[in-house]
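Engineer: The structure is given below, and queries will be raised subsequently.
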Amino acid sequence: MLIKMLTKVFGSRNDRTLRRMRKVVNIINGMEPAMEKLSDDELKAKTAEFRARLEKGETLESLIPEAFAVVREASKRVFGMRHFDVQLLGGMVLNDRCIAEMRTGEGKTLTATLPAYLNALTGKGVHVVTVNDYLAQRDAENNRPLFEFLGMTVGINMSGLPAPAKREAYAADITYGTNNEYGFDYLRDNMAFSPEERVQRKLHYALVDEVDSILIDEARTPLIISGPAEDSSEMYRKVNKIIPHLIRQEKEDSDTFTGEGHFSVDEKARQVNLTERGLVLIEELLVQEGIMDEGESLYSPTNIMLMHHVTAALRAHALFTRDVDYIVKDGEVIIVDEHTGRTMQGRRWSDGLHQAVEAKEGVEIQNENQTLASITFQNYFRLYEKLAGMTGTADTEAFEFSSIYKLDTVVVPTNRPMIRKDMADLVYMTEAEKIQAIIEDIKTRTAAGQPVLVGTISIEKSEVVSRELTKAGIKHNVLNAKFHASEADIVAQAGYPSAVTIATNMAGRGTDIMLGGSWQAEVAALENPTPEQIEKIKADWQVRHDAVLAAGGLHIIGTERHESRRIDNQLRGRAGRQGDAGSSRFYLSMEDALMRIFASDRVSGMMRKLGMKPGEAIEHPWVTKAIANAQRKVESRNFDIRKQLLEYDDVANDQRRAIYTQRNELLDVSDVSETINSIREDVFKATIDAHIPPQSLEEMWDIEGLQERLKNDFDLDLPIKEWLDKEPELHEETLRERILQSAVETYQRKEEVVGAEMMRHFEKGVMLQTLDSLWKEHLAAMDYLRQGIHLRGYAQKDPKQEYKRESFSMFAAMLESLKYEVISTLSKVQVRMPEEVEAMEQQRREEAERLAQMQQLSHQSDDEAAAQDLAAQTGERKVGRNDPCPCGSGKKYKQCHGRLS
């Protein structure tokens, strides 16, 4: 109450920000007459003038009025479009490291030109971030003439571009690209083996379009660059055959472990758990299939990987639905983004889930992957010196933007008052009743000439509505992940009189729906349109535009509520742009996912009290409030998940930053010999300490163990025992010095053979490769630690603190391993003289010729012997990377002979 009274007196924070910025808008407007008098060349020269002023110490903030006035004037000359005052406000908000909430149709693309130009004056580069390649290319090409008129360069960063083209795009003053591509380029740059392979500059200013989609909806999705792991596709197929024998437990709230079914599903947490009956049955089936031995338990340590396969297969069958969570196209499982309804080509689920879905659908199972590098969008975008974003719907998530990204949200007023009519929700008992009511509403509105946009939350739902419309004989367009290519064209013409368009979530975001259709699209379809043809198209469009306005503008129908109010608002926001007429309504049923999981009991109770009959809908403020509360509950839960993910990822992020900084320093120097000499001392000190404890008696020395260790790990064959026998005065300190000196001399002899330059190059390569290999293993270990850390809570320990503590210990151990493995590899490298290499090469050629002759003979001999040979070869067991090495050293294969292969 007190806060409301204070807001009335002093205005809200938003009002105060806008009031301050309106003073600057007045200054910009006052400069307009002077700018209009400048010639084109004088206007262009302003860019060089601004840059010179910045170099002399002026700030960007002091340049805002003049720079914005220059961009506005250039836009009038190049596009014939003048920035509205509200767009100038939006530009200032974006320059202020804030998020600008600007309604659909208010010209966000043109608004972005203002802060992009201003921040590009520094010469450090501006990254404009969009949600897909189409929008990046469209916005770059649309704005290129304006920026080039002002002497700025524009680059487009698309996926699949070669490194030189990417480098050129990043070198431009203003670069357009997608969030994924910027993030992957950052990871790839930190895996480069030479400075020339890197493409990005220092991250300066990011201007994120559809910022809610990228920083909130995608925040839980890490960007991962992965390499192939061991092939286990056959196991996925075998386990997949077993799952259909299991029965789902009907009662969600019954005890997970003692229920009637074989597994229970927690839809809120998206988890699947086996019941005791299910565990018994699945163990029997695994034994029958020969996957597990009789008497073994699925939970025994030897069956951990098998348990992983069973869980993945259960989740694939119980939680993931075709045409909702993914589609199958050209024999490939492609993920569908739950927030936008778009397909995510190239993205794969982790933890074996994608392979389990491939097995379920009977398509080719691709190898599991091992993470080589990863980062979340939350941490990637926080690397920028300056970050800002714009969207039509940010206010509901303002707290999250502020707490995670330190970005304030400013709601920019519309250029014209909003007159869209948002009607109350209608709730039906069943899905079928709801669909029928939607069809009737569409019939009524299209008969009056009103265009209708139907928003669905999945491909499956969009196809259900489409089938019903076809039965009713209503012409319509379907816009979902399956028809991605025609997206912009369908959206542009969705405002035609009586047009019906079905769109999954907000496919088509970024393209305005023009009432009466898009006359520009019609002109673009003609090869060489004459001025008369263009005028006729415009006149026809004006007639259609007026007819649609008279019919009530664009009508939005939501087929169910989304988990987030923001995404519902995005759908509503497609109508009523720039002060146009429009209306919206959501149709719900008690069978909708949100209602079933979060709001069913309260709303069902209300419906029973009101005595609902089939086909009747309930429309009541109580119901709307109950639904809004359910959405808040989900939003709050999702925010907690994202915040928790960030807290855990922050631990990995600190380590990532340290490794990448170290790696970049390593890349930028050509000589790492000083570092090598320093870590050689550390490694030999630690190795000797393990066998000769400091300040210990000779009886405690393990000389044989030390000799063996030096021989195996550093290829140093030193007669330490003889030294001690022959030289009684040889004490611990001089012995240490002699061993280290021997190692240095051996290494120097190798260097003399190959030359200092070659050795420096080799040292740098070994350091980079070892660092990458250990970092990859560390990421996998961190992942395993993260998955099980919540169990520490049962021991009254804080899982987050435990995770921080253990991951730090693992990181420290990794750095020690890095030192050891680098010195070990460099010590063991064999250097050959040129004549030795030539002799070995000659021997290899002779051996190859002999084998070729033998193969020719074997082709003429009988096939049975060849088949037996093949059987013998294929019967050999493949040694896994983490298995003991067959040589008997006791080491893991990857650390022994596996390294040689």
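Just so you know, glycine gets a Cβ as well, placed from its N, Cα and C.
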Engineer: Asp512, Asp540, Asp546: which one does Swiss-Prot list with Gln87, Gly105, Glu106, Gly107, Lys108, Thr109 for the ATP site?
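Structural biologist: Within the candidate list, Swiss-Prot flags Asp512.
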Engineer: Return the residue, from the listed binding-site residues Gln87, Thr109, with the maximum count of other C-beta atoms within 10 angstroms of its C-beta.
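Structural biologist: The residue with the most neighbouring Cβ atoms within 10 Å is Gln87.
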Engineer: When you measure from the Cβ of Glu106 (ATP binding site), how many other Cβ atoms are you left with inside 10 Å?
Structural biologist: 23
Engineer: For the ATP site made of Gln87, Gly105, Glu106, Gly107, Lys108, Thr109, Asp512, how many Å separate the two farthest Cα atoms?
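Structural biologist: The two farthest binding residues have Cα atoms 17 Å apart.
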Engineer: Please list, in sequence order, every residue of the chain apart from Gln87, Gly105, Glu106, Gly107, Lys108, Thr109, Asp512 whose Cβ lies within 8 Å of the Cβ centroid of the ATP site.
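Structural biologist: In sequence order, the nearby non-listed residues are Met102, Thr104, Leu110, Thr111.
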Engineer: Just how many other Cβ atoms lie inside 10 Å of the Cβ on Gly107 (ATP binding site)?
Structural biologist: 19
Engineer: Cβ distance under 8 Å to Gly105 (ATP binding site), same chain, sequence separation 6 or more: which residues?
Structural biologist: Asp512, Arg577, Gln578, Asp580
